[in-house]
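In what follows, a structure is listed as structure tokens, so that the remarks can point back to it.
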Amino acid sequence: MNKKPIILGIESSCDETAASIITENEQGMPTILSSIVSSQVDVHKEFGGVVPELAARSHMEKIDLITKKAFDKSGVKMEDLDAIAATAGPGLMVCLSVGLSFGKAMASSLNKPFIAVNHLEGHALSPKLNSELNYPYLLLLISGGHTQFLSVQGLGNYKRLGTTIDDAVGEAFDKTAKLLGIEFPGGPQIEVYAKKGDPNKYELPKPIFHKGGCNLSFAGLKTAVLKISKQIKTEQEKYDLAASFQKTIEEILYKKSKIAFEEFKKMNTINKNKFVVAGGVAANKRIREVLTNLCKEEEFEAIFPPINLCGDNAAMIAMVGLEKFKLKQFSELDSPAKPRWPLDADAAFLKGAGVRL
């Protein structure tokens, strides 16, 4: 019987310190043996956002303990590992360096292969941890730092169909939460507030809604929320603004996803089209519901990671490591951290005030 590979994943790109050990079952499906995530909410709460230097210090203080917990829960010994995978980017440079250095040191001391992982590729492959997923598929990556549509042709082969030209959708959620006085991290609480509000109370803008293909924009929406928030006097008005904001995001993602479906079908001729939605914002239940309904209308299969694997975690990093290990795609121990590391390196850089669509 062939030994199944055992991979350790390390994640420290922003404000979660995470370690995970995964393997495969007899059917070749990934199996999570352990997944430990330590959040830094209490560290950054008083500042209303992530402070890079404090985040890096917290990573350095916790990474040993978090990794030990991953080993303890999995029952795996260090010498049983087949490879160590660590996030190398994109993310905050000072934070990336902690996990990357830790992973390299482990690989060197154990004489095991090291695999530098693109954090975004981790999100892209995260649904493979709980479902069979073959290439190609359409990916909507929605998080605090990224919002983009990609045709996933294979491991390491991504074709960007559309992206935000300014802010990420997760950032818009976080900014709206802050304006409503919701304690950090407030983005996920918008959905809770929205349930108590009238989604038709405020008419909010949907930038580049009728142009730009499946590119997106959220800066104008954020500005509108800022203006309205200054006039709010009651809790109910906060709920109404949250509900109106949530509804606007749903409408934008519905419309732009529908356009992306057509672009994807032009590139790929397959029997069953699949639509993967991943990243922290994919945990939003209303967005899941709206995009699932769209998939039913357009005959796409909707695929989401489990809620606990939508945010940053190391299981998805180990998942990429597992795929790369099987292809013997190893990295050098001097692999650098990459604060910016697009999945589609050939795609034009769209972000910036000079973009005209």
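In case you wondered, yes, glycine gets a Cβ from its N, Cα and C as well.
Pulled from Swiss-Prot, these are the features on record:
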- His119, His123, Asp312: Fe cation binding site (BINDING)
- Leu141, Ile142, Ser143, Gly144, Gly145, Asp174, Gly187, Asn284: substrate binding site (BINDING)
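When the Cα atoms are compared, His119 (Fe cation binding site) and Gly145 (substrate binding site) turn out to be 11 Å apart. Within 10 Å of His123 (Fe cation binding site), judged by CA to CA distance, lie the following binding-site residues from the set Leu141, Gly144, Asp174, Gly187: Leu141. The 10 Å shell around the Cβ of Asn284 (substrate binding site) contains 27 further Cβ atoms across the protein chains shown. A gap of 15 Å separates the Cα atoms of Gly187 (substrate binding site) and Asp312 (Fe cation binding site).
A coil conformation is recorded for Asn284 (substrate binding site) in the three-state DSSP classification, outside any helix or strand. Around Leu141 (substrate binding site), a 10 Å sphere centred on its CB holds 26 further CB atoms from the protein chains shown. A gap of 13 Å separates the Cα atoms of Leu141 (substrate binding site) and Asp312 (Fe cation binding site). Ile142 (substrate binding site) carries a strand DSSP state (E or B).
Asn284 (substrate binding site) sits 15 Å from Asp312 (Fe cation binding site), taking the C-alpha atoms as the reference points.
Excluding the listed site residues His119, His123, Asp312, the same chain places Glu11, Ser13, Thr87, Leu120, Gly122, Ser143, Gly279, Asn313, Met316, Ile317 with Cβ atoms within 8 Å of the centre of the Fe cation site Cβ atoms. In this structure, the C-alpha atom of Ile142 (substrate binding site) lies 12 angstrom from that of Asp312 (Fe cation binding site). A sphere of 10 angstroms centred on the C-beta of Asp312 (Fe cation binding site) encloses 26 other C-beta atoms. Distance between Cα atoms for Asp312 (Fe cation binding site) and Asp174 (substrate binding site): 16 Å, as a whole number.
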